[in-house]
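*Asks:* Copied straight from TrEMBL:
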- 155, 157, 172, 174, 180, 181, 182: FAD binding site (BINDING)
- 1-15: compositional bias 'Polar residues' (COMPBIAS)
- 35-44: compositional bias 'Basic and acidic residues' (COMPBIAS)
- 104-206: domain 'FAD-binding FR-type' (DOMAIN)
- 1-50: region 'Disordered' (REGION)
């Protein structure tokens, strides 16, 4: 209905001039509000169209680099990033004021999803207020508190989801048969409320500060490394090279394998899986392209994995795993020539 039509209807039904004026103003305001909404919708950036997936006949089959399918995968990844940026911009106007977390008090958050990652490791998706992110910087972690048999326990965990993720975040937690905190985590299910405070952690990442990052991880030590990796690969301006050396007992115990597969498509990321309790004959079920080494991550392995050119001030080392693993790795890297100022332990 147009403004002119509204005015005619009002004058016909209402002989009182004051009433006519009031109703005209009301209609005018309603129309103005409608126009503002239309303008707002027009101003909102639309999502770009996804790239067109090539057909088999589009590939010449001569081993071109990059292949049309490689280009498509790259364009698809860029498209997803662009869409995410636009969606985040749309949500900025609805951001809840104040921090979601507090480092001085525990706040309750609800588990919205539980998935088994490996035999004894689970991924927990924790719900956040709508349009809110956890508010962590790259490399920071949180503390979770729970009770079991009248005993209050707390442990540090690093989310494995991207720090910009809104509405939820993910934790990767390994269940130990005799672990005290594991007895609490075993009871977690969809709907369970857990107490969290944070963020914590003094690691500060600066894009392109170092030419290369060497990440030494064991087991769930992949969690803080995932934040670093996602932060670098998600920043088109960051050209830092990433070399991940990941120690696991077996191929089936590699955590975040789907993410690792995706990250391996980036030019500046490489990963080697060091399997300590798996026979070499198990290679048949490995993913094509995976770099696998059998044995332990010891000085012999590290000295071969690192290039002589890596031992320089432009290299930085990050370590996360059990205390014994971290101590061993730091000592080995010191012997190879890295300074303490080039090493960070999570």
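In case you wondered, yes, glycine gets a Cβ from its N, Cα and C as well.
Automatic prediction, not curation, is the source of TrEMBL annotations.
Here the structure is a predicted model, which means the values were calculated and not measured.
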*Asks:* Find, for the listed binding-site residues 155, 174, 180, the residue with the lowest Cβ contact count at a 10 Å cut-off, counting only other Cβ atoms.
*Replies:* 180
*Asks:* Could you give the mean pLDDT over the domain 'FAD-binding FR-type' (104-206), rounded to a whole number?
*Replies:* 93
*Asks:* Greatest CA-CA distance (Å) over the residues 155, 157, 172, 174, 180, 181, 182 that the record ties to FAD?
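*Replies:* Binding-site diameter by Cα atoms for FAD: 17 Å.
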*Asks:* For the binding-site residues 172, 181, which one has its C-beta crowded by the most other C-beta atoms within 10 angstroms?
*Replies:* 172
*Asks:* Count up the helix, strand and coil residues in the domain 'FAD-binding FR-type' (104-206) according to DSSP, in that order.
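*Replies:* Reading the DSSP string over the domain 'FAD-binding FR-type' (104-206) gives 6 helix, 51 strand, 46 coil.
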*Asks:* In sequence order, what residues of the same chain, 6+ apart, have a Cβ less than 8 Å from the Cβ of residue 157 (FAD binding site)?
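*Replies:* Those within reach of residue 157 (FAD binding site), by Cβ under 8 Å and sequence separation of 6 or more, are 141, 142, 143, 144, 171, 173, 223.
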*Asks:* Tally every other Cβ atom lying within 10 Å of the Cβ atom of residue 182 (FAD binding site).
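*Replies:* Counting Cβ neighbours of residue 182 (FAD binding site) within 10 Å gives 17.
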